[in-house]
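Student: Here you go, one structure.
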2 protein chains.
Amino acid sequence: MAPNLEPFFKQVDTLSESFIERLRKAVAIPSISAEDDRRKDVVRMGQFLASELESLGAEVQQRPLGKQPGKEHLELPPVVIARYGSDVNKRTILVYGHYDVQPAGIEDGWATDPFKLTVDEKGRMYGRGSTDDKGPVLGWLNAIEAHQKAGVDFPVNLLCCFEGMEEYGSEGLDDFINDEAQKFFKDADAVCISDNYWLGTEKPCLTYGLRGCNYYSVAVSGPGQDLHSGVFGGTAQEPMTDLVRLLSTLVNTDGQILIPGINDLVAPITEEEKKLYAPISFTMANLHESLGSKTTIHPDKERTLMARWRFPSLSIHGIEGAFSAPGAKTVIPAKVTGKFSIRTVPDMDSATVTDLVHRHLTSEFAKLASKNTLDVSLQHDGKWWVASPRHWNFSAAAKAVKEVFGVEPDMTREGGSIPVTITFEQATGKNVLLLPMGSSTDAAHSINEKLDRRNYIEGTKLLGAYLHYVAEEPMSE
Amino acid sequence: MAPNLEPFFKQVDTLSESFIERLRKAVAIPSISAEDDRRKDVVRMGQFLASELESLGAEVQQRPLGKQPGKEHLELPPVVIARYGSDVNKRTILVYGHYDVQPAGIEDGWATDPFKLTVDEKGRMYGRGSTDDKGPVLGWLNAIEAHQKAGVDFPVNLLCCFEGMEEYGSEGLDDFINDEAQKFFKDADAVCISDNYWLGTEKPCLTYGLRGCNYYSVAVSGPGQDLHSGVFGGTAQEPMTDLVRLLSTLVNTDGQILIPGINDLVAPITEEEKKLYAPISFTMANLHESLGSKTTIHPDKERTLMARWRFPSLSIHGIEGAFSAPGAKTVIPAKVTGKFSIRTVPDMDSATVTDLVHRHLTSEFAKLASKNTLDVSLQHDGKWWVASPRHWNFSAAAKAVKEVFGVEPDMTREGGSIPVTITFEQATGKNVLLLPMGSSTDAAHSINEKLDRRNYIEGTKLLGAYLHYVAEEPMSE
Ligand SMILES: [Zn+2]
Ligand SMILES: [Zn+2]
Ligand SMILES: [Zn+2]
Ligand SMILES: [Zn+2]
């Protein structure tokens with residue numbers, strides 16, 4: 001039975017200017033988590049959120065996370081947690097977002113002051129944090145306010161978890177979530193995260209998968225110190241020579257991973273899965289535009305999206321210890337460390353991947369018969385994540401998309417990782433839905449970050465509608 | 001007929017403390033050519049040299065070189081040129097040295113103040129510029145003074161060319177030498193440069209060859225901007241993947257250049273040349289010590305020295321545009337530029353080498369079937385140089401070594417380049433001899449640079465003795 005959402009939707013439209021005003025206030029606080037000097041602004045932003053939630057009637061706590069590891073003079077910004085409603089007859093939905101932002105300065109090339117929300121004639125609202133992730137976070141608050149002012153009963157109990165360190169590794173958050181899973185978050189029936197983006201600009205999506213990432217260092221060392229190539233060239237085995245030969249064995253121009261065994265770990269494509277790709281709103285022209293070139297690997301949409309989402313990839317990021325500046329320097333570097341990462345997908349097990357990487361590089365290095373020393377290490381890993389797009393949490397969201405935007409959402413995955421997704425899934429044991437508000441052109445993490453007015457206002461409707469549908473969706477899976 | 005050098009040698013011993021005092025005064029002037037703030041000290045050092053030469057009776061000029069290219073607010077330090085003697089019955093010898101030094105600061109790890117000459121109990125005289133190149137430059141002045149005080153007639157007319165920008169690319173010097181070749185330098189019968197080092201610590205050497213250097217950039221570009229590997233990994237062709245594959249085709253672990261045709265350009269070894277290697281005072285243990293490891297290519301001295309001096313080598317120096325910092329960054333760089341250089345030897349022609357490099361990289365890139373863009377360019381080249389070690393300039397120097405040190409000198413080449421050597425050879429059309437004063441352990445360009453008292457004092461005798469022998473050596477070749 002479809003809920004009657006009209007009064008709520010109307011109220012959102014009525015309040016739209018005040019919602020934009022709320023976003024303006026939030027963007028004005030430069031809550032950059034990576035910069036020590038801005039820590040006070042991050043804290044101020046948490047305080048702003050807490051006040052807004054309190055004035056909406058939520059029960060709010062600002063929970064300290066202790067000192068920042070490696071920067072013991074800095075207190076981590078608090079996690080702002082809130083409960084809105086505690087009706088045992090309603091379902092409880094846990095939502096996550098972050099109130100810190102990426103660094104930004106007008107000198108980076110912004111067309112406008114990054115901390116002054118600037119709305120252009122097309123309704124593009126420019127400002128750091130507009131789409132990542134202040135807009136979506138405020139979307140939940142807007143939804144509460146519109147229900148109150150419309151006199152519509154809020155359909156669920158809402159639990160909020162808003163952190164202030166997402167752009168700097170979510171320091172301390174995993175432990176906090178694990179600690180609170182059976183305390184503050186224990187009533188949660190499902191989880192919703194709004195911190196990613198539509199695949200394009202027209203059609204909303206629901207995201208059910210993320211690739212993982214295993215990041216490796218491969219170091220080759222030999223001489224006791226950097227050498228002059230005039231004096232030693234031709235007489236000493238050069239670590240850089242060995243390293244480029246090793247790196248050349250990892251992947252080819254068409255992105256095929258050449259490490260034996262890696263591709264065998266990938267789960268086969270099912271017929272059901274295949275069907276998800278055809279309806280997706282995406283074209284090769286979209287990809288060429290975002291890439292700024294036509295140097296793509298696959299000729300069609302399906303294979304491109306599969307390559308991004310459900311197949312592994314290997315990228316060589318760079319080399320530490322070699323000459324990297326402009327100009328010419330005739331150094332023979334004594335120790336060089338190549339950095340590469342493998343994006344992982346089901347059913348790749350991290351330890352198995354690492355074992356194959358070690359075996360491959362060790363065997364290739366042995367072929368070189370070099371006297372230099374090889375050292376391969378895993379710098380960090382993060383697991384892939386896939387949820388069932390048929391879970392009731394997803395089907396409720398799909399109905400909300402249809403209601404607000406009049407289309408079926410794209411069912412997408414992401415090529416990158418959002419580590420908190422797995423943390424919530426594992427800590428709560430509940431389904432996690434990624435329900436983005438912003439579009440592919442929002443330029444999160446770049447200059448001129450923006451959120452379109454349509455995405456913000458219709459997105460607020462979507463979040464509210466989702467709560468109505470998820471409140472009554474028959475529980476499946 | 002061997003000249004009677006005893007009175008001169010005795011006088012050098014008598015004056016040795018005052019010669020060390022002269023070096024102390026020179027080292028105290030921090031004439032760092034690379035640092036704008038020190039330009040006044042470079043000028044002061046030139047002034048010091050000019051005054052010393054004048055008080056010895058030389059005719060001295062400080063010749064301006066104009067503004068520093070790229071730093072138009074800075075005047076280049078003058079070239080100090082001098083003539084000592086103008087007897088038409090004597091030969092005229094042109095000597096070159098430089099009075100500027102490499103940067104140095106106690107904070108770099110020096111054990112003593114780099115600009116305070118500090119002599120330890122073993123006679124090691126520490127200080128920036130002690131061996132590179134103030135000691136050798138003052139050696140010529142000391143030789144003049146000792147002749148005067150010993151009442152020995154100076155055997156030649158001496159022309160001096162002392163520059164103040166050697167450690168910063170000898171800005172302006174080539175044009176100056178070419179201009180003066182038929183003017184101030186026109187009487188020169190031979191050239192002697194003292195600005196390199198013995199191969200070891202016990203035995204002097206005469207240097208008759210230098211390798212050249214061709215420095216290349218190989219750039220691969222594709223996307224319009226750097227990409228996130230989560231979003232684009234697996235869908236875009238990555239420039240870094242192509243670049244490491246190209247770099248892996250250049251050279252192998254044992255230093256063999258894999259670019260077709262390069263090795264065919266190398267002049268074959270003659271029997272006469274081969275004989276020069278066996279007597280050379282050098283061991284693999286020396287190499288391992290200077291390398292700080294045993295990661296050498298060749299098992300014996302002869303092949304090692306030939307690899308350093310008379311065979312080409314290829315070193316990969318690094319990559320510009322890729323991630324090069326410590327830590328982990330999941331970037332796909334949009335444009336990466338590999339830097340490598342080839343040390344060249346007779347009879348390698350620079351243009352031919354560049355042509356082979358282009359052909360090879362173009363052909364290897366074609367094999368990749370990549371949509372990315374390749375750009376190969378020569379950043380700079382400097383020609384190799386070889387003189388005949390049997391020229392009268394060299395045989396005179398060999399006799400001087402035998403007289404002062406009691407041994408036959410090692411006949412050496414250098415793996416690196418000293419570009420001014422070729423400039424003098426080509427501009428004057430005369431033979432150029434490299435006659436070093438310092439030893440292999442002097443650490444020029446490093447912290448704790450030093451010159452041994454023995455090298456300085458016996459070296460002053462050597463320079464003086466060389467002038468006597470070169471004054472009367474039968475002209476051959
Ligand atoms: Zn975010
Ligand atoms: Zn972000
Ligand atoms: Zn020098
Ligand atoms: Zn130098």
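Along the chain as shown, residues are numbered 1 onward.
Any Cβ shown, glycine's included, is placed from N, Cα and C.
Note: TrEMBL annotation is automatic and uncurated.
According to TrEMBL, the active site annotation covers A:D100. Under the heading active site, proton acceptor, TrEMBL lists A:E166. Per TrEMBL, Mn(2+) 1 binding site is recorded for A:D132, A:E167, A:H445. For A:D195, A:H228, A:T330, A:R343, A:S417, A:H445, the entry in TrEMBL reads substrate binding site. Residues or ranges marked as domain 'Peptidase M20 dimerisation' in TrEMBL: A:217-366.
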Student: So what sits near A:S417 (substrate binding site) in its own chain, CB-to-CB under 8 Å and at least six residues off in sequence?
Tutor: A:L210, A:R211, A:G212, A:C213, A:G382, A:W384, A:W385
Student: Same-chain residues six or more away whose CB lies under 8 A from the CB of A:H445 (Mn(2+) 1 binding site)?
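Tutor: Same-chain residues close to A:H445 (Mn(2+) 1 binding site) (Cβ under 8 Å, separated by 6 or more) are A:Q102, A:D132.
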Student: What count of other C-beta atoms do you get within 10 angstroms of the C-beta of A:D100 (active site), across all chains shown?
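Tutor: Here the count is 27.
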Student: May I ask for the distance between A:R343 (substrate binding site) and A:E167 (Mn(2+) 1 binding site), taken between their Cα atoms and rounded to an integer number of Å?
Tutor: 20
Student: Report, in sequence order, every one of the recorded positions (A:D100, A:D132, A:E166, A:E167, A:D195) having a CB within less than 8 angstroms of a CB belonging to chain B; if no such residue exists, report 'none'.
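Tutor: In terms of proximity to chain B, the recorded positions that count are none, since no Cβ is under 8 Å.
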Student: Beyond the listed site residues A:D132, A:E167, A:H445, identify every same-chain residue whose Cβ lies within 8 Å of the center of their Cβ atoms for the Mn(2+) 1 site.
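Tutor: Going along the sequence, the neighbours come out as A:V101, A:Q102, A:G129, A:D133, A:E166, A:A444, A:E449.
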Student: Could you measure between A:E167 (Mn(2+) 1 binding site) and A:D195 (substrate binding site) for me? Cα positions, answer in whole angstrom.
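Tutor: Between the Cα atoms of A:E167 (Mn(2+) 1 binding site) and A:D195 (substrate binding site), the distance comes to 12 Å.
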Student: Of A:D132, A:D195, A:H228, A:R343, the binding-site residues listed, which put a C-beta under 6 Å from ligand 2? Please answer none if none do.
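Tutor: If the test is a Cβ under 6 Å from any atom of ligand 2, the answer is A:D132.
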Student: Can you tell me which of these binding-site residues sit near ligand 1, meaning the Cβ is under 6 Å from at least one of its atoms: A:H228, A:R343, A:S417, A:H445?
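Tutor: Passing the 6 Å Cβ check against ligand 1: none.
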Student: In sequence order, which residues at least six apart in the same chain have a CB under 8 Å from the CB of A:E166 (active site, proton acceptor)?
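Tutor: Looking at Cβ-Cβ distances below 8 Å from A:E166 (active site, proton acceptor), excluding near sequence neighbours, one finds A:S33, A:H98, A:D100, A:D133, A:L173, A:D195, A:V420.
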Student: Judged by the number of other CB atoms within 10 angstroms, which among A:D132, A:E167 is the least packed of the binding-site residues?
Tutor: A:E167
Student: Take every residue in the domain 'Peptidase M20 dimerisation' (A:217-366), average their pLDDT values, and give the whole-number result.
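Tutor: That region's mean pLDDT is 96.
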Student: Widest Cα span across the substrate binders A:D195, A:H228, A:T330, A:R343, A:S417, A:H445, in Å?
Tutor: 50
Student: Can you tell which of the binding-site residues (A:H228, A:R343) has the fewest other C-beta atoms within 10 angstroms of its C-beta?
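Tutor: It is A:H228 that, of the binding-site residues A:H228, A:R343, has the fewest other Cβ atoms within 10 Å.
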Student: Using DSSP and three states only, what is A:D132 (Mn(2+) 1 binding site)?
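Tutor: Its secondary structure by DSSP: helix.
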Student: What residues, ordered by sequence, lie under 8 A Cβ-to-Cβ from A:T330 (substrate binding site) and sit at least six positions away in the same chain?
Tutor: A:H228, A:S229, A:G230
Student: Under DSSP, is A:E166 (active site, proton acceptor) helix, strand or coil?
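Tutor: In three-state terms, A:E166 (active site, proton acceptor) counts as helix.
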